Each structure stands twice: as structure tokens, then as C-alpha cells.
Amino acid sequence: MKDKILTFAIIGIIALMGNWIGYDVSAIDALPGMMIIVAVTVLGFLFAKIVPIKLPVVIWISMLALVITTPIFPGNETVIKLTEKVNFMALATPILAYAGLSFGKDLQEFKKLGWRIVVISLVVYTGTFVLSSLVAEIGFRLTGKFH
Amino acid sequence: MQEKSFRSWKIHLFVLILVCFTEFIGIKTFNIGIGAIALFPMLYALIIGAIISLPSLKILKMKEMNVAANILGISFMLFVAKLAMLMGPSLPQIFEAGLSLGLQEVGHFAGTIVLGLPVALLLGMKREAIGATFSIDREPNLAIIAEKYGSDSPEGRGALGVYVCGTLFGALYLSVLASFMAQTGWFHPISLAMGAGVGSGSMMAAMVGALSVIFPDSATDIAVFAGAANLITTILGTYICVFFSLPVTNYLYNKFEPILGRRSKKDQAKNIGA
């Protein structure tokens with residue numbers, strides 16, 4: 001757990017730098033917001049560990065983050081205002097940097113695969129994305145939402 | 001369970017440098033005739049990171065790459081927290097879109113099978129096709145297949161193959177696909193955002209990134225709805241895979257394999273034995 005907290009803090013600092021360079025928000029301005037994001041994430045892990053109901057960590061984190069930004073939570077506006085300073089794109093850049101740096105580890109495994117499975121993977125991903133977008137679009141057109 | 005290691009200053013240092021450098025370059029769009037292609041910091045970071053990790057360059061050790069993968073797994077949680085914080089204030093809007101959000105789950109789970117299975121059969125795949133096309137084959141789906149068929153079964157190999165390809169190229173491929181789809185003008189940005197909400201963390205981040213570059217005015221909505229779709233998939237995903245996707249894929253396989261499958265029965269026996 002201590003390792004995780006430290007890791008989140010490091011990623012947070014890296015994202016603050018990216019947020020500063022890419023979105024012109026000084027790291028000091030965005031620091032409180034980032035601390036809230038890290039705190040919610042850590043709390044989510046803690047909840048998943050101590051609460052007897054078995055739920056994935058992602059769900060604990062999402063629920064906590066949702067609750068503190070809805071009007072039922074006193075101070076939700078402050079939370080929103082502070083975390084707004086952290087651009088979500090700035091938070092995604094380090095994630096994909098870690099993804100990139102782990103690329104080499106699966107190459108060996110990949111070389112063993114046939115070309116068919118590569119084609120299928122692309123088809124599977126295309127089908128998933130296109131069809132779910134399409135169904136959502138049809139839903140919106142039927143209900144007249146957003147159109 | 002063994003504790004995963006997150007310790008590698010070298011990895012963090014590389015990420016810091018990558019983030020600073022790529023954010024400095026910023027967003028660039030190139031017109032390549034059939035449409036503009038959006039390039040943005042997280043995409044550069046992904047590609048440069050991948051090059052750094054190439055085993056032939058000997059910059060990173062296998063252990064360090066594993067640490068990077070471990071950190072990737074938990075770093076997505078910060079992104080989830082941020083997305084959910086955007087969702088809080090938009091809850092009424094999310095409920096309004098309830099029907100589409102619910103329906104797109106069907107599209108998500110059916111989409112992998114409907115498009116994937118026939119292609120897999122036409123290419124001459126046998127039972128590998130079931131593992132490969134019943135879901136997008138991320139970690140939870142792999143666990144389902146492993147439990148039912150074993151990891152070394154044809155189904156398990158099919159699932160693992162798609163998993164590996166997804167880990168390597170999924171994010172990049174999907175972000176390019178998302179920017180093309182966005183430019184067709186057929187879809188509302190929010191529909192695409194919901195489509196982007198399915199899939200793994202890095203895939204979703206890359207797709208949300210591509211969509212927000214193309215629709216900068218809807219960036220927050222895109223993040224909100226991708227986050228909502230992702231949350232629903234996380235909650236329902238395992239159940240849908242066990243009780244719907246896998247049985248349906250099996251049924252369709254048995255029905256269509258004799259029609260679309262390419263090889264004779266004898267070859268099929270050999271194929272499974274191999």
C-alpha cells in the first residue's frame with residue numbers, strides 16, 4: 001500500500017508538470033486538485049481492502065469521486081473548482097507513457113502469434129467501438145437527445 | 001497473491017521526460033487526404049515509450065518493463081478518479097442518456113462477436129475463434145476463459161492472442177480509428193465517447209484523447225460519457241461475458257463454423273491437436 005501511495009504521488013507530480021507545460025496551469029495552482037484526485041484514489045484502494053463487500057477498486061474510486069462532486073456533498077463546488085485545474089488529458093499522458101515503456105515485454109509473445117490473430121484483434125476492436133457508438137447514436141436519434 | 005513491484009526510478013524518470021517533452025510539442029493535426037489525423041501528447045508518449053522499450057535497444061530490462069506494466073495498471077485509477085469527478089456534476093445529463101448508455105452496452109458486447117466471429121471463421125480459425133471474439137479480451141475476460149477452458153486450450157490461446165495484440169497496438173489503432181470515425185460526421189461526439197468508454201484503460205484514454213482533439217468544445221462531455229460507459233462495462237462486464245457473450249459465441253460458432261469454416265473435419269481435428 002505504501003508503495004502504491006508513493007507511486008500515485010509520483011504520477012501526480014509528473015502529471016502536474018505535463019499540465020503546466022501543456023495546459024498552462026502552474027503546478028502550484030493545480031496541486032490541491034491533484035492531491036484530491038490522489039487522495040480519492042488511495043481511499044478507493046483502502047475501501048476495497050477494508051469493506052467486506054467485494055467490489056473492484058475502480059468502482060470504489062468512481063463512487064467516492066462521484067459522491068464528492070455531486071450537490072449532496074457539502075463543499076462539492078470547491079472540489080470541482082480545484083480538480084478542474086487538472087486537465088484529464090494531462091493525466092492520461094503519463095498513463096500512455098507507462099504503457100509505451102512496457103511495450104517490449106510482450107513482443108516475444110507477439111512473435112509467436114500468427115497473422116490471423118492480428119487481423120482478428122483489429123476486427124474485434126473495430127466491431128466493439130463502431131457498434132457500441134452506432135447503438136448509442138441510434139438511441140440518441142430515437143429519443144431525440146443531443147440532436 | 002504476490003505483491004507487484006512499482007519501484008523503478010528509471011521508469012518514472014523516462015515517463016517524466018516523455019511527459020514534459022510530448023506536452024511541449026502539443027497537439028498537431030495532419031491532413032492525409034482522406035481526413036485529418038490528430039496527433040497529441042499521449043500518443044507521442046506511447047510511441048516513443050514503445051521505441052525505448054524495444055528489446056534490441058537494450059535500454060530497459062524485462063524487469064523494468066514489467067514494473068512499467070504494473071504501474072500502468074494502477075495509474076489508470078487516477079484517470080478514473082478524475083473522470084468520475086467530471087461525472088458528478090453531470091449526473092442528471094448522464095441519467096437523461098440512460099437509454100443510449102444501456103443500449104450501447106449491447107452494441108459493445110455484440111459488436112465484438114458480430115464482426116469478429118465471421119471474419120475469424122472465414123480465415124479458417126477453429127475454436128480459437130471463440131476465445132478471440134467473445135470479448136475484447138482484457139484481463140477479466142481472460143480469467144473467464146481460463147476458468148472455463150484452461151489457458152492452454154484453443155479458446156485460451158485465441159483470447160491470449162487478442163489480448164497481446166491489444167496491449168501492443170490497441171490504444172494506437174483505436175485512437176486512429178476514433179479520429180476517422182469522428183470525421184465521418186455520422187456520429188454525435190457523445191455516441192463516440194460511449195464507444196470509447198469500453199475497452200481497457202489505455203485504449204479508452206487514447207480514444208478519449210483523439211475525440212477531444214477533434215471536438216475540443218465537447219471535451220468535457222466526451223470524458224464524462226466515456227467514463228460513464230466504462231463504469232457500466234466494469235460493473236456489468238463479467239456477468240455479461242459469462243451469461244451472454246460466451247454462450248452466444250459458442251452457439252454461433254457451432255451454427256456457422258460448418259458454413260463459413262474453411263477446412264474439412266479431418267483438418268479440424270489436426271488443428272485442435274496441434
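Cβ atoms here come from the backbone N, Cα and C positions, even for glycine.
Residues or ranges marked as transmembrane segment by TrEMBL: A:5-23 (among others).
Residues or ranges marked as transmembrane segment in TrEMBL: A:29-48 (among others).
As annotated by TrEMBL, transmembrane segment applies to A:55-74 (among others).
Long-range contacts of the transmembrane segment (A:86-103) within the same chain, counting only residues at least 6 positions beyond its ends with a Cβ under 8 Å from a Cβ of the stretch, are 11, 14-16, 18-19, 22-23, 25, 30, 33-34, 37. Among the features that TrEMBL reports, transmembrane segment is placed at A:86-103 (among others).
Residues annotated as transmembrane segment in TrEMBL: A:115-136 (among others).
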Quickly jot the same-chain residues contacting the transmembrane segment (A:29-48) by Cβ under 8 Å, restricted to those at least six beyond its ends, or write none. 1, 4-5, 8-9, 12, 15-16, 19-20, 55-58, 60-62, 64-65, 68, 79, 82-86, 91
For the transmembrane segment (A:5-23), could you work out the same-chain residues 6 or more beyond its ends whose Cβ comes under 8 Å from its Cβ atoms? 30-31, 34-35, 37-38, 41-42, 85-87, 89-91, 93-94
